[in-house]
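Reading through the C-alpha cells given below for one structure.
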Amino acid sequence: MAIPEVILSSTSPATGARAIPVLGMGTGMVPFTPEQRPATKHAILRAIELGYRHFDTAAIYQSEDVLGEAIAEALQAGLIHSRAELFITSKIWCADAHRDQVVPAIRESLRNLKLDYLDLYLIHWPMRLKAGESYPPIESHHILPFDLKSVWEGMEECHRLGLAKHIGVSNFTTWKLAELLRYAKVPPAAVQVEMNPTWQQKKLREFCKDKGVHVIAYSPLGGQDTFMGKNLVMESQVLKDIAKAKGKTVAQVSLRWVYEQGASMIVKTLNKERIEENMKIFDWELSEEDKHKISQLPQCKRVTLRSMLSTEAASNLPDEDENSRETNVGIPSRRQRLAQVMD
C-alpha cells in the first residue's frame with residue numbers, strides 16, 4: 001500500500017502546494033559515527049525501494065551527505081525517476097540561527113545533499129548558540145540572544161530564492177508559534193515536535209489545526225536513545241494489550257495513533273524488517289475504545305531543553321510557569337536567555 005500524503009496548506013502562491021508523505025524516515029543519530037554511514041545509506045535505499053519518499057535530516061545530524069549519496073544511487077539504479085519524487089527535510093542548527101547566516105546554512109546543506117532545493121527547511125530549536133558550538137551538553141555561556149523575527153526573515157529569503165519550497169519550525173511551543181505567526185510574511189508550513197501516545201501534544205495540535213500548520217511527529221515510538229531512560233511507549237501495557245488484540249506490534253499501534261490524529265511522522269530505524277513493518281499501518285483502524293484508552297495514558301515529555309544542557313546551565317533554567325513572555329530588550333541575562341528558549 002502506498003504511503004498517504006497531506007497537502008501543506010501554509011504556502012505561497014509562487015511555489016504552489018506540495019504534498020508531504022505522512023510516513024518518513026529519519027536519519028538523526030547524534031553523534032553520527034563513520035561506522036554508521038554504510039548501514040544508513042543501505043537503509044535509505046531499502047526504504048526508497050519499499051516506497052518511502054520523505055527523508056528527514058539536519059545539519060547537526062551530519063547525515064546530509066549520506067542521504068545525498070543514497071538519493072544519487074537511487075536515481076542511478078532507477079528506484080526513482082527524478083528528485084521531484086522525494087520530499088526532503090533538513091534543519092538549520094542553533095549556531096547558524098542568525099539573520100545573515102540562514103541562507104549560507106541552507107546552501108551548505110544543499111551542497112552536502114547535492115540537491116538544488118529542499119522541500120522543507122526547519123528552524124531546529126528556538127535558540128542561538130555561539131558559532132562552532134554544536135553537540136550537547138550546552139553550556140549557558142554558549143547561548144546567545146535569539147531573534148526569531150530576523151531569523152524567520154532569513155528563512156523567508158530561502159523560500160523566496162527557491163532554496164526551500166516550504167519553511168517551518170521544530171521544537172516550538174504553542175506560544176512561540178503564535179509569536180511567529182504575528183509577523184511571518186510566509187507562515188510556517190509545518191512544525192516538527194515530539195509526539196506519541198505518551199506525549200500527545202493536544203494543545204499544540206488544536207492550535208496548529210486552527211492556523212493551518214501541519215504537525216510532524218518525531219519520536220512517534222517514544223525515542224530510541226537509551227540515555228533518556230525507559231521508553232514509555234514501547235513499555236506501555238495499554239498499547240501492548242491493544243496490539244495483541246489486533247495482531248499488530250506496539251510500534252504499529254503507536255504509528256497508527258499518530259496518523260489518526262492527522263499528523264505526519266518521522267521514524268528512525270536501520271532495521272530492514274522494521275522499515276517495512278512501519279508501513280503496514282494504513283489498512284486498519286483503532287476502535288473508539290482503543291483511542292479512549294490511549295487518551296488516558298500518563299503524559300511525559302522526553303526531549304526537553306534541560307536534557308540538552310550541561311549541569312551548570314540546567315541549574316539556571318527557570319520553571320516553565322515562571323517564563324517571561326515579554327520581548328527582551330538589550331542583552332538578556334543568562335537566566336533570561338534560557339527562559340527565552342524554554343518559552
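Just so it is clear, glycine is given a Cβ too, placed from its N, Cα and C backbone atoms.
As written in TrEMBL, here are the features:
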- Tyr61: active site, proton donor (ACT_SITE)
- His124: substrate binding site (BINDING)
- 23-296: domain 'NADP-dependent oxidoreductase' (DOMAIN)
- 312-343: region 'Disordered' (REGION)
- Lys91: site 'Lowers pKa of active site Tyr' (SITE)
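Annotated features, which come from TrEMBL, shown on the structure.
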residue : record                               : Cβ neighbours (10 Å)
Tyr61   : active site, proton donor            : 22
Lys91   : site 'Lowers pKa of active site Tyr' : 27
His124  : substrate binding site               : 20
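Within the model, the domain 'NADP-dependent oxidoreductase' (23-296) carries an average pLDDT of 95. Annotated pair the residue listed as 'substrate binding site' and Tyr61 (active site, proton donor), C-alpha to C-alpha distance, rounded: 11 Å. Separation of the C-alpha atoms of Lys91 (site 'Lowers pKa of active site Tyr') and the residue listed as 'active site, proton donor': 9 Å, rounded to the nearest whole number.
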